[in-house]
Amino acid sequence: MQGARSCQGPPSTRMSGGDMAKPLLGRRTVDNDPNLVPTAGHTIGVLGSGDFARSLANRLTFSGFKVVVGSRNPKRKASLFPLAAEVTFQADAVKKTDIIFVAVFREHYSMLCELSDVLTGKILVDVSNNTEMNLHKESNAEYLASLFPTCTVVKGFNVISAWTLQSGPRDGNKQVLICSDNQEAKRTVAEIIRVMGFSPVDMGSLSSACEIENIPLRLLPAWKIPVFLALGLFLCFFTYNLVRQVIHPYIREQKNKFYKIPIEVVNTTLPCVAYVMLSLVYLPGVLAALLQLYRGTKYRRFPDWLDQWLQHRKQIGLLSFFCAALHAVYSLALPMRRSHRYQLIETAVKQAMEKKPDVWIEEEVWRMEMYISFGIIALGLLSLLAITSLPSIANSLNWREFSFVQSTLGFIALVISTLHTLTYGWTRAFDENQYKFYLPPTYTLTLLVPCTVILAKVFFLLPCVRQRLLRIRRGWEKGRYVKFTLPSATGEFSSGETSSNV
Ligand SMILES: Cc1cc2nc3c(=O)[nH]c(=O)nc-3n(C[C@H](O)[C@H](O)[C@H](O)COP(=O)(O)OP(=O)(O)OC[C@H]3O[C@@H](n4cnc5c(N)ncnc54)[C@H](O)[C@@H]3O)c2cc1C
Ligand SMILES: NC(=O)C1=CN([C@@H]2O[C@H](COP(=O)(O)OP(=O)(O)OC[C@H]3O[C@@H](n4cnc5c(N)ncnc54)[C@H](OP(=O)(O)O)[C@@H]3O)[C@@H](O)[C@H]2O)C=CC1
Ligand code: HEM
Ligand SMILES: [Cu+2]
Ligand SMILES: [Fe+3]
């Protein structure tokens, strides 16, 4: 595979693997040649004069290296580089150094072939990225290695953006993942990375290059489905609330209520999304348990959709928390608004004219005290879940503690959110005036899934169901007449002990 496209050297000098690479490169280059210890003052080459080359040259000169840039058109590009950097022709630049960053796109690698003679025995650092995952058969770095078999290729820097390079390692990600088949070359590049203020992370041999090249292409992969779910729910509920709160009064009573869109409509939509998403975190667990009860075994795979769902619960939960937090802030802002002040004055004037001295309604007062308190507690619990999902915190908890917070406290948060919604809604579901265009109040819609989840969880607590579920999770199977006794048949131990994160 390598030989076919190589544009360098006779076949006998080609290296096919890591170990064979060593004698060719020669220990000379790293250990015995004092010029090659990559400390400040050493000359480093950069091929290409684009954005990345420029940032790289900047960072390298700031770090004390001498930089020589190889361009096809050095006269035109020289002004773009720091004065300390020498900008010259590609072949000229390559001759002046032993470590060369190849800052051109993969598509143009083959055009560097004319340099193959001067490149012999040097270290090439491949910094390239692809536009798509697995676009090519082999990684860019392996392709470069196949074109220049007498060079040592080190993959690195592709996970760092030109911007991060420019602004220095204080902002953004500090880690530079590198890999190579040649240990010494890798050590040399790692040292340069360290001098530049980043931290090198050894990813092993050049065959890892593919993995490293895919990293910058992954845009929050686990978040895609949850984010679309949240956006979809938001859109549904937003439209529904818009119709009920704005369009209905406009059509039926010619009243202009468009001012409600930025805060009131959003603040009915966000909590609904938060609440439904929270119930969707606990629904797949219920479905999984039902499936296990029905099948009478845990040794069969869940269907793919359920598997996917179980794996996305963290992201769904965190998005739910995000919406709930926004909802809380929006709710606190409700009485700040000018419209609210006008309404207060309006009702006060009305009451004065009707000569009603006391407008205190005990039931309404209690309802509000209750639902706000429930909301605050629920948000508090969700914050706890969100905090424990930070890797550093999660690592400091043992498995039972983590599962207690995530599974038990999370479910309690769902129950309290339900109380919050119920006390907020109160008897409104039975009030005909609340039905706009026959559409029921929004909160009644949101109750469906959460209440199902809560009822199902209560069902699992029934002793007979619980026993069976516990046995199944301990490996018991329906129809296999294996004598099986639970260590504690009375159900002494908590469910946390027997469940595992699927
Ligand atoms: C703000 C927030 C942050 C979150 N952060 C995280 C997070 O960091 N990490 C994370 O994982 N989740 C996170 N979540 C999601 C959620 O809290 C967890 O997934 C939680 O463990 C789900 O609890 P559960 O009781 O439904 O499921 P689990 O306790 O996971 O059980 C689910 C189902 O799996 C099956 N099962 C359990 N044990 C076994 C077994 N031994 N063999 C076979 N099947 C079994 C059962 O059918 C069970 O019903 C977060 C949620 C929120 C709201
Ligand atoms: N921009 C970024 O943030 C990052 C970029 N990278 C990687 O760095 C490499 C360079 O990217 P970037 O600097 O953004 O790209 P640019 O398009 O800005 O620069 C590419 C450079 O390649 C040189 N080049 C050499 N041969 C050719 C040729 N035949 N045709 C066209 N150009 C050629 C050109 O320099 P000249 O005309 O002087 O010869 C040109 O300036 C890519 O592999 C990219 O994936 C990696 C991580 C981040
Ligand atoms: C500090 C925390 C919270 C406060 C102060 C708060 C406050 C409020 C207020 C004032 C309302 C009424 C909104 C209106 O008048 O239109 C409301 C409704 C609601 N809240 Fe909360 N809440 C909090 C947390 C939560 C949490 C954690 C959830 C669920 C995850 C939640 C879900 C809901 C729902 C579903 C409604 C009904 C929306 C509707 O249909 O109009 N709230 N909350
Ligand atoms: Cu919807
Ligand atoms: Fe070229």
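Just so you know, glycine gets a Cβ as well, placed from its N, Cα and C.
Taken from TrEMBL, the feature domain 'Pyrroline-5-carboxylate reductase catalytic N-terminal' covers 43-130.
As annotated by TrEMBL, domain 'Ferric oxidoreductase' applies to 272-415.
The feature region 'Disordered' is assigned by TrEMBL to 1-32.
Under the heading transmembrane segment, TrEMBL lists 225-243 (among others).
The feature transmembrane segment is assigned by TrEMBL to 273-294 (among others). Long-range contacts of the transmembrane segment (273-294) within the same chain: residues 229-230, 233-234, 237, 302, 306, 309-310, 313, 316-317, 319-324, 327, 382, 407, 410-411, 413-414, 417, 421, 446, 449-450, 452-453, 456-457, 460, 465, 468-469, 472-473, 502, each at least 6 residues beyond the stretch ends and with a Cβ under 8 Å from a Cβ of the stretch.
Look at TrEMBL and you will find 315-333 (among others) tagged as transmembrane segment.
The feature transmembrane segment is assigned by TrEMBL to 370-390 (among others).
Distant neighbours of the transmembrane segment (402-423): 271, 274-275, 278-279, 281-282, 285, 317, 324, 367, 370-371, 374-375, 377-378, 381-382, 384-385, 388-389, 394, 443, 446-447, 450-451, 453-454, 457, 496, 499, 501; these residues of the same chain sit at least 6 beyond its ends, with a Cβ under 8 Å from one of its Cβ atoms. The transmembrane segment annotation in TrEMBL covers 402-423 (among others).
What TrEMBL lists as transmembrane segment is 443-465 (among others).
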Secondary structure composition of the domain 'Ferric oxidoreductase' (272-415) [DSSP: H/G/I, E/B, coil]: 123 helix, 0 strand, 21 coil
Segment confidence, the domain 'Ferric oxidoreductase' (272-415), expressed as mean pLDDT: 93
Residues in the domain 'Pyrroline-5-carboxylate reductase catalytic N-terminal' (43-130) grouped by DSSP into helix, strand and remaining coil: 39 helix, 23 strand, 26 coil
